[in-house]
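**Q** Take this structure, written in structure tokens, and hold onto it; I'll ask about it next.
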Amino acid sequence: MSISLLLLLVAAIGVTGYVGGNRRAQALAGGRLSSLHSRPGYYGSLVAIWALLPAIAVLLVWIVASPVYIGSTIRSGFPEAVQAEPQATQNLNYNMVGAIARGLKLLTPEERATISADAAAARALLSSKGVPLAADPAPYMVEAAQNLDRMTTTSRMIVTVLVLAAALAGAVVAYRSVAPRLRARNRVEGVMLAGLVGASSIAILTTIGIVASMLTEAVHFFSMVPAWEFFFGTVWDPRFAAAGATDSSGQFGLIPLLAGTLYIGFVAMLVAVPVGLFAAIYMAEYASSHFRSVAKPLIEVLAGIPTIVYGFFALASVGPFLRDISAQLNGLATGSYASFIQAQSVLTAGFVMGIMLIPYVSSLSDDIITAVPRALRDGSLGLGATRSETIKRVVLPAALPGIVGALLMTASRAIGETMIVVLAAGVAARMQLNPFEPMTTVTVKIVNQLTGDLEFTSPQTLVAFALGITLFFITLCLNIYALYIVRKYREQYE
Amino acid sequence: MNILSEAAVEKALDKKMNDVSYKMIGQDVSVYYGDKRALYDVNLNVRENTVTALIGPSGCGKSTFLRTLNRMNDTIDGCRVTGRIALDGDDIYDPSIDVVELRARVGMVFQKPNPFPKSIYENVAYGPRIHGLARTRAEMDAIVEKSLQRAGLWNEVKDRLQESGTGLSGGQQQRLCIARAVAVSPEVILMDEPCSALDPIATARVEELIHELRANFTIVIVTHSMQQAARVSQRTAMFHLGQLVEENDTDKIFTNPDDQRTQDYIMGRFG
Ligand SMILES: Nc1ncnc2c1ncn2[C@@H]1O[C@H](COP(=O)(O)OP(=O)(O)O)[C@@H](O)[C@H]1O
Ligand SMILES: [Mg+2]
């Protein structure tokens, strides 16, 4: 029986359980629903939950445990010589066994007999059935495959029986427990609460898992390259990873990348902060509610544009435009039409990133400015202050901590931004101050180091994890600090 | 004989009119919030150096009328005012009137204390700074001190002028807001239920203060407390459903009102 059919059956038991529980509760109440502790639906749900949860738990355990158990049993049946081979080769062998086992299902009994007798015929026969093999199987493989096939079939049968039994038993036990004083609602809500807690802990656990995996790889990297050389090195020159070589031949200085990241982020903020803030002030203080209701969603749509689109925009329009206009300007000034702004430059990347950030700045600041209580504005206006005086002297100072928080959050986006800089900033890891020259960022280098043939043993690849974890901690600190500021600001007006 | 007596009556009336000088005049004042009408042709004058109390059940338009007096309604979307309101004889809704200047002359204290999140000193100095009332630091210090003294707050805060105004107690905050309003030397001070967020002791202090301020300012106060109106005001105006029911000496209103609705409201039969 296939897994999906099994699930369908379990679901059917669950639905039946729901209906049954519901009916029984109503029957017990005998028309006086108020004599029940909970509404009948809750009794139904309780029965359904008892039908589904144990069955699914059994199924999950089987899905995880059975391949492990079967795999180790089959492998232990491999000949001694094979078991002495390296792990990688064994894995290949086992995969081949698996493929043969899958192929066996498609064969007639006579064909199976042929294969058992003559392993060499297996490859041609199986590939004619649409199951390609990488090599001619050894005789022990065919034998193992037949074992595997048998074991799989048995284990499926067992699980089918177990799951159905669990579903039925759960449903029956719960059905019989239905009684007017049974606190069905509390129990159902308890299960729902557990589900919600589970969902949120999945999010948290995933984050922890990601950080942990990055950390282990980064630690691996730092065992090859000293941490101080990475954090304080001023030269980025990782060289190529020579195949199989595990010594650190390149230089992995973080400083030039960090400098590029911060410089481009700074230019971006230079564009985004004034424009975004002024837009927010206009939206919050001056715009009519009609204009606001149109413009605010529009700006938020802008925030939803994938950054790769901004990257195209930088690469195809802004970069060439800046290059050409600089050539014209240079021509007018000196007569030589050499462009002094390169197409890929700090300016291009920073400018386009700034445009990308405008909606973040404006919509975050807008929320914060509108959160300033009306009473403060009235107080100022009532003293004869004009609107702009009120904004300048009362609203903005009151909103300032929150706005700073919003800007920090925006800055952390700028630092983590990848696609725009990959396309528009260039790849030269240099430390310099000319915004018209290309520079590179941490994110660009992560992409570079992880593109192409990967070998997760060389520092050239592993450095990406060290860069990643560094970036993660920088943005984490920025975000925590920003949240702290924003929250403190909120409390002020509760 | 007959003619004589008529002349005498007229003379007496004239004298009475001359005794009273009106600081603000409201003629046929109506206010609309969008399509909804909140005030119906209110005729109410405010006497100089007098405390005028506006009473009436909640939602009857007291705050609305108060806000027309310094055009605070302008800040509300969709609010429209008709009729004539004059300050010292000049129509304050005339296009030639600068609303900034008007609000400097007609200050306002709000229901909930709303000090700015700035120091006590800066709260009081805010208005004078905007209107350029002080040329030197010493002049500003003097204005701040005098205003805080008038608001009866000086002794409590003189040692901590640089601390935040939001750190004061509710009653102190409200007196700070009064000091802030007083600092721009307005002629009229509007107060919208200034004590509704305060405890009885703080309320008593503010009421005392209103008494003292009367010497220098014309005050219009909205209150939901009959006792407060009786204690602090000389004139009382009763509103009901957007209409002015009657306006008279406070003593008269509270002892022998002309209108049954006023009687009922004062006796607590509705509200
Ligand atoms: N900003 C506003 N927008 C719309 N309607 C308002 C607004 N302010 C007050 N109103 C309405 O105007 C009427 C009078 O309100 P208000 O003057 O605040 O009453 P009071 O101060 O006497 O309690 C009420 O019906 C109220 O609902
Ligand atoms: Mg009111």
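Note that Cβ sites are derived from N, Cα and C of the backbone, with glycine treated the same way.
Those TrEMBL annotations? Automatic predictions, nothing curated.
This is the feature table in TrEMBL:
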DOMAIN    A:258-482  domain 'ABC transmembrane type-1'
TRANSMEM  A:41-65  transmembrane segment
TRANSMEM  A:157-178  transmembrane segment
TRANSMEM  A:190-211  transmembrane segment
TRANSMEM  A:256-281  transmembrane segment
TRANSMEM  A:301-321  transmembrane segment
TRANSMEM  A:341-361  transmembrane segment
TRANSMEM  A:394-415  transmembrane segment
TRANSMEM  A:462-486  transmembrane segment
**Q** Under a Cβ pair cut-off of under 8 Å, which of the recorded stretches A:157-178, A:190-211, A:301-321, A:394-415 contacts the transmembrane segment (A:341-361) most often?
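**A** The stretch with the most close Cβ contacts to the transmembrane segment (A:341-361) is A:301-321.
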**Q** When you scan the chain for residues with a C-beta under 8 Å from the transmembrane segment (A:256-281), skipping those not six or more beyond its ends, what do you find?
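**A** 234-236, 299, 346-347, 349-351, 353-366, 369, 391, 396, 403, 407, 410-411, 414-415, 417, 421, 425, 429-431, 433, 435, 439-445, 467.
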**Q** What residues elsewhere in the chain lie close to the transmembrane segment (A:157-178), defined as a C-beta under 8 angstroms and at least 6 residues from its ends?
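**A** Distant contacts of the transmembrane segment (A:157-178): 1, 6, 9-10, 13-14, 16-17, 20-21, 24-25, 28, 43, 46-55, 57-59, 62, 66, 184.
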